[in-house]
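According to Swiss-Prot, the record shows the following:
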MOD_RES   15  phosphoserine
MOD_RES   19  phosphoserine
MOD_RES   29  phosphothreonine
TOPO_DOM  1-35  topological domain 'Cytoplasmic'
TOPO_DOM  53-74  topological domain 'Extracellular'
TRANSMEM  36-52  transmembrane segment
């Protein structure tokens, strides 16, 4: 799966490296393109973490709520 922990580390590293390059070397159109790339990387990172981009709250990671055992043995 794309959102495995090792891939999240790679996404963070790419985002940081891209941020440094924007500040030091690129200008004009290239800088704008790289900022878009950084934005996309950060969106992917938020998606993989399960964060909601609208309100910043974490989404529930459980598929179904826990079921209580209502049947008791006699």
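Count begins at 1; order follows the chain as displayed.
Glycine too: its Cβ is placed from the backbone N, Cα and C atoms.
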Just name the winner among 15, 29 (the modified residues) by count of other CB atoms within 10 A of its CB.
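That would be 15, with the highest Cβ count within 10 Å.
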Roughly how many Å lie between the Cα atoms of the residue listed as 'phosphothreonine' and residue 15 (phosphoserine), rounded to a whole value?
18
